[in-house]
Amino acid sequence: MMKSRTLLACLLGTCLIVLAPLPTMAQDVKIGVSFDKVEPFREAQKAGLDAAIAAAGASQSFANADKDAQRQASQVDSLISEGVGAIIAIPWDIEAAVTIAQVAEASGIPFITMDQAPADLEAVTYHVGGDPCADGRAAGEFFVKVADGQPFKLLEIQGSLSNDNGIRRSSCLNEALASAGNVSVVAQVPTDWNTERAMIATQNTLQEHPDLNGIYVPFNDGLNGVFSALEARGRLKPVGEDGHVTIVSIDGLPIGCKAVQDGFLDLDIATPIPAMSTKAVEAALKASAGEELQAKAEFLPGVPYGKADLEAKADELWGCK
Amino acid sequence: MRMSRLQQVQILILLLLLAGVSLIFARNSASFAAWTNLRNILLDATPIVVGAVAMTFVIITRGIDLSIGSIANLSVASAIMLTGVRPEGSMLTETGWAVYPVALAVGMGLGFINGLCITVLRINPLIATLGTMTFYRGIGLHLTEASLISVQGAISWFGRGQFLGLGLPVWLGIAVAVTAAVILSQSVSGRQMLALGGSPRSARETGIGEVKIILVVYALVGLAGACAGLTIVGRVGVLSSELGSGLEFTVITAVVLGGTSLFGGSGSILGSLLGALLLTTIQNGLNLIGADPYHYDVIRGGILIAAVTMDTLASRIAGRTRLSVG
């Protein structure tokens, strides 16, 4: 049986070929890739970068900082010593990323950040990421639309409060909800992107608010925990059925797509990993060749999709392939 | 063996704290004191209770185990990978009953390896388990390729099963706590653990089998880690790379809250049980009253500091500071 990582890489590779052909000047360039951690979403990003780097004919050296800013700094030092042409990093600590970027730039190595924006974008050569604010806002607008002026009780599960994606997916959701007085956020629970904590948050909120109408799950990994808690209370019902709890999630992982297909997830917002990977690699290769980049930073909003959109948006939904 | 006066005071402080926070939450949330919510608290506390009970043994013997969360992850991951079956084209892995013995055996084995590192290689417990924490998690990530693995079948039986109105994991937690309390207070092994933690040199001179005790307590933490992992995955229905992440700190916090001395030689299973319940109750109550998410850590940290401060004051009043031990 084909390994899932290989399969994911093949799928993302196909997306990349469709989306954007990369320059072919990269034969001898080695790109240093530094990740903050490994987990399902990062695996998808790794597969995306693998495919983009392979498509460009470059090679790579990969390091995982395992949630440690100091370790990430050391690994970047090693990548510089190794003589990589450019570094693509997903920073663990957005403040520390600024210093790490300065060290790389001082050594003449272009430093590109992906997904998590550093505290100061001026410090990096280029940044490409999702748009956590646009995604959070899209989720909020969806809840307002579903509530349709009626009283609506919402549970907001939060990711991490020390992380740019976690903070902005939350703040922009709340901005979008601010104008709708009928939608009340009855609980906001930080989970540190942990599935079990998402389950416990749902279970506890259902205890206080058995008539809960909606749940915002800003990471697909949390969905299983939410479904498990809903099932235990007899509230796991597909979209359209009486008593259904409206759920919106973000990521676009296969598990999110399956939940949409099964009818339990109303809306998922797929982070455009293939486009993000392509742009990061493209920028790394251009900068290492001394070419000027057209933009300093790009934020790519996610692709919102429900069950009705699966066919129409199939090309953009890498987690559904 | 009866509880010392100091331990009685510590337990009293914890009970008062638990009663105090429960009263505050009950006043602010209509559903806090409902039976279904109390049942939820017990169920949520189980992985921490089981881990804290085993960790109490380790800390009593002057040790510490930072790898319990990684053991929870690796033991369940290897059991699912070894015994689970994922039909072609499906996203669900079907688990059979073999997942239980395999996870428990792997967990115990990993704990035993920790014990070997400490006794045979003579590595400091903090360093040894810090190393295996990373090592075990790394193997777990490698096995699962850091992907989410949705599971069903036998593994859900334990996590979601009920008996006499309580979740099966709660019964396990009760059984583990009662057995451990009896072992610690009534058995020769329990007295040997306390003696070893109180004064390792004296314990060695009186012929207490230090190596055997250390191997057993670390293997028990491994077993507890596997139980915690099985409970969580059974409830959630998915094996995530984050499984067990941070469990070690919650468990150690519960043990310290419970009054077990980090210098070894004294501790109480009842205290650790109450510490675990206090932490879970705070989490549950904050959720129910819709607390500001930025207050969670502040309140948890504040209560820990308050409990430890009261414990220190009680120690001084009793005329027995922790530093005098050993």
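Each residue, glycine too, has its Cβ placed from N, Cα and C.
Curation plays no part in TrEMBL annotations; they are all automatic predictions.
As given in TrEMBL:
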| type | residues | note |
| --- | --- | --- |
| TRANSMEM | B:42-60 | transmembrane segment |
| TRANSMEM | B:67-85 | transmembrane segment |
| TRANSMEM | B:97-123 | transmembrane segment |
| TRANSMEM | B:135-158 | transmembrane segment |
| TRANSMEM | B:170-190 | transmembrane segment |
| TRANSMEM | B:211-232 | transmembrane segment |
| TRANSMEM | B:252-279 | transmembrane segment |
Counting only pairs at least 6 apart in sequence, do the transmembrane segment (B:252-279) and the transmembrane segment (B:97-123) share 3+ Cβ pairs under 8 Å?
-> no
Cβ pairs under 8 Å with the transmembrane segment (B:97-123): which stretch of B:42-60, B:67-85, B:135-158, B:170-190 has the most?
-> B:67-85
Which residues of the same chain, at least 6 past either end of the transmembrane segment (B:67-85), have a Cβ under 8 Å from a Cβ in it?
-> 47, 51, 54-55, 93-96, 98-100, 102-104, 106-107, 110-111, 114, 129-130, 132-137, 139-140, 143-144, 149, 151, 155, 221-222, 224-226, 228-230, 232-233, 239, 241, 243-248, 251
When only pairs 6 or more apart in sequence are counted, do the transmembrane segment (B:170-190) and the transmembrane segment (B:135-158) reach 3 or more Cβ pairs under 8 Å?
-> no
Under 8 Å Cβ-Cβ from the transmembrane segment (B:135-158), and at least six residues away from its ends along the same chain, one finds 67, 69-71, 73-74, 77-78, 80-81, 84, 91-97, 99-100, 110, 168-169, 230-231, 233-234, 237-241
